Every structure is written in structure tokens, then in C-alpha cells.
Amino acid sequence: MSGAKQCPDCGSSDIVEDAHYSQDQVVCADCGCILSEGLITTTAAEESHLQAVRFADSTGENDSMTVSKLRGIVRVRNICRVLRLPDGFSDTAVSYYEQAYKHPLYHSVSIEKKEIIVGCCVYITCRQHQWPITMATICSLVYAKKELFASIFLSIVQVLKLDVPSVSLQNLVMSHCRSFKLFKDSCEVPSHYAEKLDTVSERTVQTVELAYETWLVTGRHPIPIITAAAYISWQSLLPARRLSCSLSRFCKLSDVDLPPPSAIRLRELQGTLIKLSVYLPWLKVLSLNKKTVVQHLGDLLRHRVFLLRKALAVTEAELSRGTLADTEAQLSRGTLADTEAQLSRGTLADTEAQLSRGTLADTEAQLSRGTLADTEAQLSRGTLADTEAQLSRGTLADTEAQLSRGTLADTEAQLSRGTLADTVAQLSRGTLADTEAQLSRGTKALSSNDQPNSTFVFLPPCVSNPRKRSRSIPFPRGHLDITGDEDISDSEIEQYLRTPAEMKEFEQALNRDDELPNA
């Protein structure tokens with residue numbers, strides 16, 4: 001273009017030709033004013049060399065989209081809008097949804113699972129950006145079950161190979177506390193119930209951290225625990241006016257839903273505070289209960305590190321005492337058994353020896369006295385001559401020998417039986433009494449140490465309160481359930497066949513059964 005041409009707006013002579021798509025234009029380089037436009041249509045000669053081209057081929061991409069995919073993308077953006085997420089979150093969630101939509105694992109799924117996939121993409125985006133949100137919130141938006149949502153969430157994370165960080169507990173507490181109406185400047189809230197958000201949130205975070213360190217958060221949903229911690233923290237800031245307010249009324253005034261497990265979490269938190277209050281000297285003298293312990297929540301949170309260490313030290317001491325008592329009880333059982341065996345052996349031997357010595361001496365003394373008395377009586381009756389004759393023949397010697405042999409043997413046997421029986425009975429009674437007394441002491445020590453005092457120990461919920469699993473009994477009525485007419489398959493019969501003769505008889509029986517229908 002000639003340089004003599006000037007721009008009518010600015011007077012500049014810098015005029016250039018600009019090809020705007022298929023239209024040639026003359027434009028001022030300084031102000032951008034269009035001096036003349038090219039031809040909008042082509043000539044007949046140019047059109048003769050052209051051919052029809054599809055839009056997808058001309059642009060290089062296919063803008064056509066299935067209805068289900070478009071509906072899913074719209075649903076993702078709507079959920080992000082409901083949660084008031086930043087604009088960048090929705091783009092990231094849409095990209096995750098498109099990746100999941102292309103994966104063959106999620107092609108033929110139900111409508112419910114498609115909704116859950118949408119929610120999972122939004123939830124993953126929030127987790128990656130440290131946006132405090134819970135799985136229960138997303139489940140309520142997509143009307144999904146938590147168990148199914150959790151399974152699909154894990155599946156998407158594995159399939160797409162995404163890195164999902166854990167939820168920050170502090171951010172989650174702060175986010176949940178913002179939803180309480182009592183912590184906002186509202187005219188509808190009574191003055192003695194209103195509280196500043198920062199003050200309550202700070203104490204709630206400390207209470208939740210204490211619950212985490214005492215195993216109350218393990219395996220639990222966070223919202224019920226945060227609700228209970230917020231309620232206790234709110235009460236402790238003005239206990240005189242707020243102790244009479246119940247948890248349900250607190251949630252109603254705060255305009256939030258009351259999760260069903262919140263009451264259980266509240267009792268667990270109160271029990272933990274009572275356990276820790278034992279180790280503070282100025283609280284140990286007080287008889288605290290679940291309501292009055294809330295008044296001292298600030299002191300317990302301020303010294304919680306010391307209190308937890310003290311509780312663990314006392315627990316270790318209790319367990320060590322229990323181990324020593326167990327060892328002493330086992331040793332006492334073994335020692336008593338050995339002592340009793342030795343006493344029974346030694347006592348019987350000593351008793352027999354003493355009895356044999358004492359019985360012989362007593363028997364000889366009695367016989368000598370009785371024989372002399374009889375002899376004097378016989379002599380007094382005039383039988384002295386006969387006695388002298390018998391004595392001369394040696395009868396008296398034989399009689400004494402027989403008496404000494406027979407009478408001593410019988411007397412010794414009877415005395416040994418009776419005395420030994422009495423002695424063993426007395427020893428057994430005394431030894432058993434002592435053994436039972438010692439065993440009872442050891443058993444009491446064991447029972448007190450196998451289950452340590454709940455005041456000094458913090459355990460996970462699954463250990464402190466285990467669920468009672470129902471055990472099915474195979475035959476509840478015993479032998480009445482077995483009639484002998486139960487069905488049994490051929491494979492089960494073959495398991496019980498042992499000898500070749502039994503196998504042959506079984507084959508013959510099968511052949512007879514096959515021949516009967518043909519006959």
C-alpha cells in the first residue's frame with residue numbers, strides 16, 4: 001500500500017495489510033483503525049478449486065459430547081458452586097471426572113455410582129487443596145451411602161494414581177465451628193450463649209487433640225467428636241450460665257444437625273477429663289463429676305502433656321505389679337505342690353516310724369500290766385499250782401510270744417491305719433487351707449492386674465469396649481437336630497470309603513440304581 005495514504009483518525013501514515021482469517025484488511029498500525037475490508041466472499045474461480053470439509057477435520061478436534069458426560073460435568077460444576085469452592089477447583093474436578101469417564105472400569109455402572117464418581121472427583125480436589133470438607137458432606141449432596149462412596153473413592157484414587165493427602169484436623173475443626181450460629185454475631189442468639197468464634201475454635205482444637213492422644217478419634221467419624229468438643233469448650237468458657245444447656249439444645253440453638261454418636265463421644269470425653277483430673281493436686285481433693293469437670297477444662301488442657309505422661313507412668317507401674325503378682329502366684333502354686341508332696345512323703349515315713357516305736361512300747365507296757373494282773377487274780381483263786389505247772393512247761397513263754405506277735409501286729413496295724421488316716425487328713429486340711437488362702441491372694445492380685453483400673457489407662461475403643469459378636473450354634477437342639485435323613489452327595493460318600501471292598505459295593509449299588517429305571 002502506498003505511503004501517501006494516512007489514517008483518518010490519528011493521521012498516521014503507518015498503514016499495513018492484515019489477513020484476518022480469510023479476509024484481507026488495511027489497518028492503521030498505530031491506532032488499529034480499519035481503513036478497508038477485503039472481500040467477504042470468494043470468486044467463482046476460487047470456489048471451483050474448493051471442496052467440502054467436516055468441521056471436526058477443519059478444527060482438529062471433535063466437540064461432540066455424549067449426553068451422560070455433559071450431564072456429569074454440569075453436575076460437578078453445580079456441586080462446586082453449592083460448596084462455594086474457588087473457580088480453579090471446578091476445573092480440576094472436571095478434569096478428574098473426564099479421566100474417570102474414559103476408564104473402562106466405569107463404563108457400565110449404575111446411576112448411583114455415576115453420582116458417586118462425580119462426588120469423589122470433587123472430594124479429591126478438596127483434599128488436594130487442603131479444603132476442609134468431610135466425606136459425609138459430599139454423601140449428603142449426592143445422596144450416596146458412605147460405605148459405597150468410600151469404596152469407589154479408593155478405587156478412583158488407585159485407578160487414576162492420584163496423591164490424596166490426609167485431612168487437616170485443625171482446618172476441619174475451624175470449618176465446622178464456622179457453621180455454628182452461636183459463634184456468630186447474631187441478634188437471635190441470647191447474650192449469655194453467644195461466644196466469639198476464635199476463642200471457641202482454639203479451645204475446641206485443643207480438646208480434639210486431647211481426644212486424639214487418648215484414642216478417642218481412632219476409627220471414628222470426625223464430625224460427632226468435633227461437635228462434642230465444641231459443646232464442652234463452649235460450656236467451659238461460661239460454666240455458670242451454660243452447664244444447664246443440653247447437647248441437643250446447643251445444636252438446636254446453633255442451627256446444626258446433631259449426629260447420633262455425639263452423645264457417646266461426649267460421655268467418653270467427660271470420662272477422659274475425669275481420669276486426668278486425678279493427677280492435678282488442686283483437683284484431686286475435689287469430687288468431680290461429668291458436669292463439674294467442665295469448669296476445669298482450661299487447667300486440664302494447659303497441663304495435658306504432663307497429665308498424659310503421668311497417666312502412662314502409672315499404667316506401666318500397674319502393669320509391672322501385675323506381672324510380679326502373676327509370677328509370685330505361679331511360684332506359690334508350684335512351691336506349695338512340691339512342699340505338700342514332700343510333706344506327705346516325709347510325714348508318713350516319720351509317722352510310721354514313730355508309731356511303730358511308740359505302739360510297741362505302749363503295747364508291751366499294757367500287756368505286761370494286764371498279764372501281771374491276770375496272773376495275780378488266778379493265783380488268788382487258787383490256780384497258782386496250775387500256773388506254775390504251765391509256766392514250768394513253757395506255756396507262759398509261748399503265750400507271751402503269741403500275744404506279743406499277734407496282738408502287737410494287730411494293734412500296730414490298727415493304730416497305724418487310724419493314726420495315719422487322721423494325720424493325713426489333718427495335714428491335707430491344713431495344707432489345703434493354706435494353699436487356698438495363698439492362691440486366693442494370688443488370684444486377687446492377678447484379677448486386679450489383668451484388668452488395670454480404668455482410672456489409670458487409656459485404650460482404643462475396640463479394646464476398651466469390644467463388640468459382642470453373635471456366635472451361631474450349628475445344632476442348637478443337640479441330637480434332636482440330627483434325624484439321619486439328611487441329604488448326602490456322592491462325593492461325600494466317596495470321602496468315607498476306605499477299602500476296595502467298600503468301593504466295589506458302592507459301584508454295584510450305583511449300577512443297580514441305574515438298572516431299575518430301565519427295567
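Glycine is no exception: its Cβ is also placed from the backbone N, Cα and C atoms.
According to Swiss-Prot, the Zn(2+) binding site annotation covers Cys7, Cys10, Cys28, Cys31. Neighbour density for Cys28 (Zn(2+) binding site): within 10 A of its CB lie 21 other CB atoms from the protein chains shown. Cys28 (Zn(2+) binding site) carries a strand DSSP state (E or B).
Annotation comment: Swiss-Prot describes Cys462 as cysteine sulfenic acid (-SOH). When Cβ atoms from all protein chains are considered, those within 10 Å of Cys462 (cysteine sulfenic acid (-SOH)) total 11, not counting its own. According to DSSP, Cys462 (cysteine sulfenic acid (-SOH)) is assigned to a helical segment.
Under the heading region 'Disordered', Swiss-Prot lists 465-487.
The repeat '2' annotation in Swiss-Prot covers 173-249.
Among the features that Swiss-Prot reports, zinc finger is placed at 3-36.
Other Cβ atoms within 10 Å of the Cβ of Cys10 (Zn(2+) binding site) number 13 in total over all chains. Of all the binding-site residues listed here (Cys7, Cys31), the one with the fewest other CB atoms within 10 A of its own CB is Cys31. Taking CA atoms as the reference points, Cys31 (Zn(2+) binding site) and Cys462 (cysteine sulfenic acid (-SOH)) are 77 Å apart.
The residues of the repeat '2' (173-249), classed with DSSP into helix (H, G, I), strand (E, B) and coil, number 49 helix, 0 strand, 28 coil. Recorded residues Cys7 (Zn(2+) binding site) and Cys462 (cysteine sulfenic acid (-SOH)) have their alpha carbons 85 Å apart, per Cα-Cα distance. Distance from the CA of Cys28 (Zn(2+) binding site) to the CA of Cys462 (cysteine sulfenic acid (-SOH)) is 80 Å.
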